């Protein structure tokens, strides 16, 4: 479906090339972004082009981040992913020349603006952060994985759908918690995400490089990939999409994991991209192990696995789409935007997020429910366990710049998500 006839960017962003490709894959998003950015096969940061090809293998965060983004503007990712001056000091050695055209995106990073001011203060605070919260995140996700494995084996052994449902919840929790780790430099815990049948590498594009950088815009893959079934941007929608989606969305959630897996196979395996093969096998190691240990038939193991995947997929869909971004009071592309002089990227991030008072304050709930979301969007590489410690500085800076931080309840966001699906008229007033 050609959604360009339905949605127009109020931020002045050109409708992305390949946005409506039927696969909605990370590969196609990057290809389209390369076309639109036109950076001649190099990497753009602010108004300059850099040749980072010689830095791919030695990049401290892992080669994915540079390898995947060749030929694109990485300004937002560069600014939000480096909480020190080290990267800025290295840049001049890779400089090619000044870019020949303006950036495709309106967001700014002025030194005296909201984001850069907050970032300097956070960097200073990080010098004294304890290691304990990050270690606790690792311990929590390891225990969640153990819970998934144990409950899966018990579900197969007793042939119990109830225990299988518990295992599905564990897998849903594991998938959300693993999101904390694929944001960070390469580590083995990011692969917990792949047990869901989704690809952590693909999500480093669709979630980190697309959703996090261009939240709730026409460039956000987490908006475009669920269209035309779920339409979150304001615009022309029929009654089935506006209100029928309140019901059929649960069926959509049930096939999120399997659908993503089939899409990844179509994009990568059929093209002979062998680097994804081992991660594509990870989801099946658990049912295989259950077959080896319990002595049950392969059919019973597979049927239980399908049940668990469906439960986990529904859990992930409910948590993810009601977590932070969709509410009529939250900015979506098409709404009246801030004036050009207020297009600070950090302000934009706060405009597109609401946090939940019933999640904030619990390390476990934050890790497993996309909690402390505004701070997470502003500083995505910081472990979720540390985010709570940034609130005093964050709130102080919000007051200083007159920024409204939205702090709602989970129920507010559930109701708001349905309201956003039904909304067709753009908000006339810009965020304040």
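Even glycines carry a Cβ here, placed using N, Cα and C.
Remember, TrEMBL labels are computer predictions, not curated facts.
Your range for transmembrane segment, going by TrEMBL and the list 199-217, 218-236, 275-293, 332-350, is 275-293. TrEMBL lists transmembrane segment at one of the ranges 246-263, 354-371, 372-389, namely 246-263.
Transmembrane segment is the annotation TrEMBL gives to one range among 300-321, 410-431, and that range is 300-321. DSSP labels the residues of the domain 'Cytochrome b5 heme-binding' (24-100) in these numbers: 35 helix, 11 strand, 31 coil.
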